Structures are given as C-alpha cells and as structure tokens.
Amino acid sequence: MSSNNSGLSAAGEIDESLYSRQLYVLGKEAMLKMQTSNVLILGLKGLGVEIAKNVVLAGVKSMTVFDPEPVQLADLSTQFFLTEKDIGQKRGDVTRAKLAELNAYVPVNVLDSLDDVTQLSQFQVVVATDTVSLEDKVKINEFCHSSGIRFISSETRGLFGNTFVDLGDEFTVLDPTGEEPRTGMVSDIEPDGTVTMLDDNRHGLEDGNFVRFSEVEGLDKLNDGTLFKVEVLGPFAFRIGSVKEYGEYKKGGIFTEVKVPRKISFKSLKQQLSNPEFVFSDFAKFDRAAQLHLGFQALHQFAVRHNGELPRTMNDEDANELIKLVTDLSVQQPEVLGEGVDVNEDLIKELSYQARGDIPGVVAFFGGLVAQEVLKACSGKFTPLKQFMYFDSLESLPDPKNFPRNEKTTQPVNSRYDNQIAVFGLDFQKKIANSKVFLVGSGAIGCEMLKNWALLGLGSGSDGYIVVTDNDSIEKSNLNRQFLFRPKDVGKNKSEVAAEAVCAMNPDLKGKINAKIDKVGPETEEIFNDSFWESLDFVTNALDNVDARTYVDRRCVFYRKPLLESGTLGTKGNTQVIIPRLTESYSSSRDPPEKSIPLCTLRSFPNKIDHTIAWAKSLFQGYFTDSAENVNMYLTQPNFVEQTLKQSGDVKGVLESISDSLSSKPHNFEDCIKWARLEFEKKFNHDIKQLLFNFPKDAKTSNGEPFWSGAKRAPTPLEFDIYNNDHFHFVVAGASLRAYNYGIKSDDSNSKPNVDEYKSVIDHMIIPEFTPNANLKIQVNDDDPDPNANAANGSDEIDQLVSSLPDPSTLAGFKLEPVDFEKDDDTNHHIEFITACSNCRAQNYFIETADRQKTKFIAGRIIPAIATTTSLVTGLVNLELYKLIDNKTDIEQYKNGFVNLALPFFGFSEPIASPKGEYNNKKYDKIWDRFDIKGDIKLSDLIEHFEKDEGLEITMLSYGVSLLYASFFPPKKLKERLNLPITQLVKLVTKKDIPAHVSTMILEICADDKEGEDVEVPFITIHL
C-alpha cells in the first residue's frame, strides 16, 4: 500500500481554525470519532472522487483509495482531479496526490490489490462505487456485514443514480437529527403530568422525545435528573406521566430535551436486493424506485453478458435486451414491484440509453449524499439512510424537437465531454459551451459551482463566457469546504484563485472566465451596468446573506434573466429556480424575521445563555469600539457635540463614554488591568446589588404575585475571585483590549497569562463599596416608558457633561484605536472577552455557562457549514441549469428542492407561478411585466401615451423616493414639469445628474383605469 506522509492532529485535538464551521454541524464528539476512522473507497471515477473529496475535507483518520484502471479521456467528464496528461496512468495513483492536498491531517493511501477480502478488516467504512461489479459488491458486503465494517454502495448512470447503506446488525445512532436540544420554561405541571409552557412559547418536542427537569419548586423529585418520555398534547403542552406521588407543583421549572441513543439494524446487500427498503428522493416519482432497483441490477447482468460493456448509447437493441432482463428479474424478485405492477419499459429504455453517460450534477448529488452517510457511519451522528435510495432527473433532458437524441447525435467525438454528450447530444453540448453566465460569489457553493461548470464545459465555446465576482479573500476556515483553495492561497482573492483553479481543471476555460473582486450592489452599477446584465443568458447566486441575494434577484427581475438560487445551513440545503414570466422571484417569499431579545431582558432579566452572550457582545461593542469611535469623532469634528445633542439616542451615554475615555486614560498596562477589575465590580456586583435594591428577592407585583418568578430569575452579586476562570479572563481580555484602544503594549505573549502578575496589581487596588441609588429607576417591560430616557438638551446633567469634556485643541494628534470585532482570530481576545463576560453574567443569574466554541457561534452569528451539503445542493442546481439552457417553458419541468441530510429527507416541488394582475381587461405578470418606453420622452407625452394606449390616467409618478408628478400639484409646478424630458425632470427634482452608465430608468406609477378606479399596474422602464 502506497501512501503520503501528512501531518496528523494530536489524538483528541481538533484544529478549530480549520474545522470551525463544520464543528457546528457535527459537534466535537462526532469529529473525534471520525478521527479514529479509516475509510476505503473503491473506484475513482467522478462519483468516487467526489465522495473521497468530501470525506477528506471532513477529516477522517485516513483515506485509502482503490482504482487500478487506466485514465481515459471520457473520465474527465466528471473526474475533476484528472487531466489529459494523466491518460493511461492508474486512476488511483494519479488521484491520491490531489486528494492529499485537500487536508494535511488526512493521509491518503492507495490499495494495490483487492484480491484478499480480509484486508478490508483495517477499515471502519468501505464504499464501493460504479467501477465495482454487483457480484463483487455482494461479496465485499457479506464480509463487511459479518465483520462489523460499515458498507456503502453507490453508482450513477447518466441522469440516474442510487445508493445503498448497510451499517451492520446493530448500529447506534447517538443523535438522530443534530438539532440543538430543545429547552423551555414551565408555567405549570398538573398531577397527571401535563406540562404547560410559559408565555405561549412552543416546546418544539415530538412524541417519544425524552426530557429532564430542573428548578421545579414543589415537585422537587423531578429535578433529580430522571428522564421522562414525552407525549405531545399540542404546541404549548406535553405529558410526562403521572407525578401525583411527587407532591404539588408550586412554581418554576425548566425542561431540557435529552438525546437518547437508539439502535438500528441493517440487512445485507444480498437480502436487500430481493426485498428492498427504500428512502424516496422524490414523492412525485414514488413508483420509480422499485423499477430502477431492478433496472440497475439488470445493467450489471448486461455488463456480465457483454464483457463488461454497458448498453450502447441510444441503442434500441440493447435497450430491449435490458427490458427483457428487468422483466425476468421482476419474476424472480416478485416482492420488488409488487403484485400486478408491470415493468415501466419507457423508464428502463431511458436507463439503457444513458447507461454510458456521466453527468456532473448527478455525481455531485450522490457524492455529497454518500459522503454524509460515511460520516454517519464513522460517528453515529444523524440518522443513516435505510437502505436503498434511487434518484433521477429526466426532466433535465432537452426538448427532442430542438435537440434530437439518437445514436448519431450522442456518439463520442473523442472529447472530454463525451460522457455528457452521451446523454444530451452534441448540439446541446455546443449550446452549453456558448452560454454566457454570471456567478455571484465564489465561496463554498461558488467553488463547487465552478468545478461543475468546468466539467460541463459551460461558457467554454467561442460565444460563451463566465463572469465570477467575490470581494472576499480566503481565510483558513474556508479551506475545510471551499475545495478550490489551498493553504498557500490564504489572503488571496477568492474569485481569482477559484478561476485559476478551474482553468487548470479544464484548459478550455482559459480566456473564457473573467474573475472580478467587486461586490454586486448599488455602488457597483457602473461596473455591472445595463449592457453587462443584458448580455447574460442566466445568473447563479452563491451568496451567504439575504440582502445580497435580494439585490441580485431584483436585478434579474429587471433585466428578465433566469436566476439559480441555493443555500445551505449545516445539513440542510435548498434550491430555487427563477424563470422570467413563469415563476415567482426570490424576493416574493421571505423567511420570518428572527425573534429579537427584548431590551429589558438583556439589561436586567436574562434567563438563558443567548441573552448573556448578546449582552456581553453589546458591552464589548460599547467598551472597545463605540467609545473609541466617539472620542475620535469628538476630537476631529468641530460640531460633533452639537450634532449629538440633536440625536434621539443615548446622548448621555455617548458623552459619558467620551468623558471617561479622556479623563481616565491609562498610562501603562497595569492601569488597564485596574480598569478591567473595576468594571467587573461595577457590572457583576454593584449593578446586581442595585437591581436587588430596586426589586428585593421577596418583592411582589401590583397583583401580589412574586416579582421574581416565571422568566425573571433573581440574580446574586459576584465576589471577584481571580482563580475563577471566567473572572480572571474578563480582566485579562478586558485589559488587553483597552490597551489596544490606547496603543499600550499589553502583556500579550501567546503564552498563558500569569495569574500572580495580575494578582499583584489587583491586591493593591482599593475597590469602592456599593452605595445604592434611591433615585435610579429600572425599566421592567419594553412597553413601559424608559424612566431614564435622555434629559432634555440644556439640562444640568447634560450641560455638566459637555463642560467636563476637554477642549479638542489640547489633545491635538491624540487618537484611539477602535476594535473591529473578528471572531476567527483566537489570539485577539475578542471571543475570550465575550465568553468570560457572558459567563460571569450567567453566574449572576444561575444560568448554565457556555464554552468558547458555543459563545463564538452565537456572538459571531456563524452559519454552520459542511462540504457534503454544499456538494449535493450544487448538484441539484446544475440539474436545473440544463433546463434553463433548453429554454423550457413548462413550469412542471422545473424543481425547487429542500434537503436535510441528517434525517435524511428530500423534498421537491414545482416553483410557484408568478402572480398575475389585470387592468382594463388586460392581464399582466405582476413580477415580470413592465411598460417599456423608448427614448427620453417628455412628461406630458408620457401621460398622453398612457391615456390613449393603455386607458390609464397617471395620478402619481416617482423615481426612487422622489415624486416627479402628481395630479394634485399646483398649476405652476405642473406647467414647469410637463414639458421636461424625463431625464431633465429627474435632475430637477433630485438635484443630481443621471450617471453616464445608466441607459434605463425605472419609474413607479399610480393610475386610475377607465372607470376611474385606482388600479395596480406595472412599473415603467424608460430606455434612454
């Protein structure tokens, strides 16, 4: 066995800077289990290498590959690590080095022979792909099943594919879904065990879940850690069984879901062939799984009869033979189709026609799916697929009227695209090559998209091209899933490196891919102008935020360009296809906004760790960013105070922060330590004592109910303890960040901070005693008026603050350095401070603390990500891409997809049709239609045109936020405007010139129809 010598992470350690986004998908326990797993992949055509790529990126102990067959030109259709120079060499040997580059922690080996099946004992998971015969798969599976080795099989043929999973007689699933354990506050527990949620909060539980309780008063025995099985009664209540013998419920209580491991049993491949268990990939094709189950078996039988050759492309003789084989199998395996179900000859014929094809989108779909099943097999995380799944995308085939498929048009032409030509035909391949496309973003989805496009040959023709843009640069945390990038690329521009990488994959793209580093938005409309958008065939988003997606979507609607949209969140992924005049747009439906945390909860009444983390991040922002920026503005902007006094925000807080920052400037690092220690006392001791002074622990509401009940947890002040890890790190990180603000050298070697050095400074400090403020009011509910709202300008307190500020002229040249929050730098103290600060506040309120990783996830608003989902989702997008190139107009041919690989779940639906409107008996598309006006028309002529040609009386006309015309304008204003061309009118009203790059303008109108009724109508596009 040959191998590479790669660096291994130490046992029990995970490189969080590399795996950070994946850790939030799998968790540390699963990652550590993966690091003890050796994986073998048999077959390194497109499917095998896609699986291997995703598994190596994920980080297993080792990867071994086996494929001694020589590289052929047609392999380049889907095997992205092969080049024409590799033709004739062994696929395994050539691919190993490329796989090894993906992850320095995963050694990649080549298995030299498969003659002795017992050598498989060294592996925990074996994956057999489409180069392995069914007979050999059965033999290998029998050995694996009896030896406790997890076995997975998969193969793709044209637009068809399947996978099979056998994880043995007894496999333990540790976490079926991967979702965060649900938790909630209880308002009541009845004797029969009915648990009711507090404040109409949904519990989110399902029948059969298990929960444990804490902080229940009255039913104290519930708090002993016992697990209770849940029976759901509704969204706000569930039952746990009788609790009569436990006593009587008084108040309080928190439930927490507990994931209980469960065992699953799998059957062998031999058993499953005749009596399969299916996971359905598309419920609209419910009946196809059984047909394809027989069809794929028949393909293997055909190959045995024909010296390993699969049916010839579009050959009816071979197709009829395959149908006969399937018919015979249906008799031998009657359980598969079931009684009275005939063989679907059209489906089997299509399988025969495409058997020699290899399509990047299908390969990417199964490559992501199977790789995730490998990770499940290694870790026990998520629910395995049980046991067969079949998939097809026959809707992707082009219209035979436009692109006829026959033996002649699908024959190989000695091209790297031959396996794609076998499915779609040569003419369609030419149309793919001559497409003009725009990819927005080259991160995880963008890299996968470009890889697939390189394999497709998209944009490689004489009339085709690809434009990709991304204004981001490569970071180490990207390398775990953005596979076109290597460690040497860190710091470089994503789009440029990605473009260079795919040109190396497919030299046909050289000179055909234009990499830009410009953000797509209103500020770059001079770059991405009218002529740019109008030249495109379609657009693909590879973005990670809603605002950018929405902007691109609006551009595509305006220019009537198809848009392929997709996104991932951990193991979840979605795809959406947007077609002009056919479907709704991305912006037509929006996710509900995130539920914000009430300010009163943050300020005074937190009850879970999310609240304390949000509070700590806000404190970080105030201490180290806002204060420094306010000081700098005060010192450089002469009218800063005057402008601040006019604002409705926290004027007093702004002025206090400036005063404190300038009057208490530290002179050395010891001063920074003292500042941090005093802030600890203020935030975690004095402020809590003040809160309890206002609302003692025995306080009652106006209704006579205990004030500290329900979601309000009575806090306790903290006494500083330098040997408490959170207390100490609040001071360490706080002092270091304050030193950064003031340009003071901190005690910031990367070594562990010395407790004794900090202690010697703190021991000599005088910590002020707490004195309650009887005049301080604390807001209890967000709906209540803020009792400490800003005093009016000119009040004594504000005047004193203003007069206390030093004259900026006495501080000429002085400047503070604001801290710019960066979550992924473990040496900058940012997450260290927020973690310590949040945990100290959690200790105040008896909330379970969180480690650095969880704090970073919440404070940094990190999106969990893993290469497997990205690969699968991109595959689905590329199957829709063929339909765009074919200009399909039947909405039923398109598919929007939602997947969750953790369950696993696959859902496909037709896109929602665009909404239609009507005026004066004229129907129009509310999204895609508009009134097109050519030339810089006069306002009066525009009004007349609508009256004569559309039967509409324009009552208002606007450009952006500027009102150009209204029927109620005074006669003088109307006279002034009616004779102006639109461009001059816009200039007059906005007092701005029309930019030179603008050749189209959008005008919004309000209009009355012939009956004088106000009607909704499309916008106007003026083509200059």
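A Cβ is built for glycine as well, from the same backbone N, Cα and C atoms used for every other residue.
Residues or ranges marked as active site, glycyl thioester intermediate by Swiss-Prot: C600. Counting every protein chain shown, the Cβ of C600 (active site, glycyl thioester intermediate) has 17 other Cβ atoms within 10 Å. In the three-state DSSP reading, C600 (active site, glycyl thioester intermediate) counts as helix.
Look at Swiss-Prot and you will find R21, A444, D470, N478, R481, Q482, K494, V520, N545 tagged as ATP binding site, backed by experimental evidence. The secondary structure of K494 (ATP binding site), as reduced to three states from DSSP, is helical. Within its own chain, K494 (ATP binding site) has S442, G443, G446, D470, D472, S473, I474, N478, Q482, F485 as residues 6 or more apart in sequence whose C-beta sits under 8 angstroms from its own.
Annotation source Swiss-Prot lists Mg(2+) 1 binding site at D472, E475, citing experimental evidence. The DSSP secondary structure for E475 (Mg(2+) 1 binding site) is coil. The local packing around E475 (Mg(2+) 1 binding site), expressed as other Cβ atoms within 10 Å of its Cβ over all shown chains, amounts to 16.
If you look up Swiss-Prot, you'll see S2 marked as N-acetylserine, on the strength of a large-scale study or a structure entry.
The Cβ of S265 (phosphoserine) lies under 8 Å from the Cβ of G168, D169, E170, F171, each on the same chain and at least six residues away in sequence. What Swiss-Prot lists as phosphoserine is S265 (among others), and the listing cites a large-scale study or a structure entry.
The phosphoserine feature in Swiss-Prot is assigned to S914 (among others). In the three-state DSSP reading, S914 (phosphoserine) counts as coil.
Residues or ranges marked as region '2 approximate repeats' by Swiss-Prot: 27-579. A mean pLDDT of 98 is what the model gives for the region '2 approximate repeats' (27-579).
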Would you mind pulling the longest C-alpha to C-alpha span across R21, A444, D470, N478, R481, Q482, K494, V520, N545, which the record has binding ATP, in angstrom?
25
N545 (ATP binding site): which of the recorded positions E475, C600, S914 is the nearest Cα neighbour?
E475
Taking Cα atoms as reference points, rank the recorded positions R21, R481, S914 by distance from C600 (active site, glycyl thioester intermediate) and give the first.
R21
Counting across all protein chains present, how many other Cβ atoms fall within 10 Å of the Cβ of D470 (ATP binding site)?
26
Please identify, from the recorded positions N545, S914, the residue with the sparsest Cβ neighbourhood, meaning fewest other Cβ atoms within 10 angstroms.
N545
Around the Cβ of D472 (Mg(2+) 1 binding site), how many other Cβ atoms lie within 10 Å? Please give the count over every shown protein chain.
16
At a 10 A cut-off on CB-CB distances, which of the binding-site residues R21, R481 has the highest count?
R481
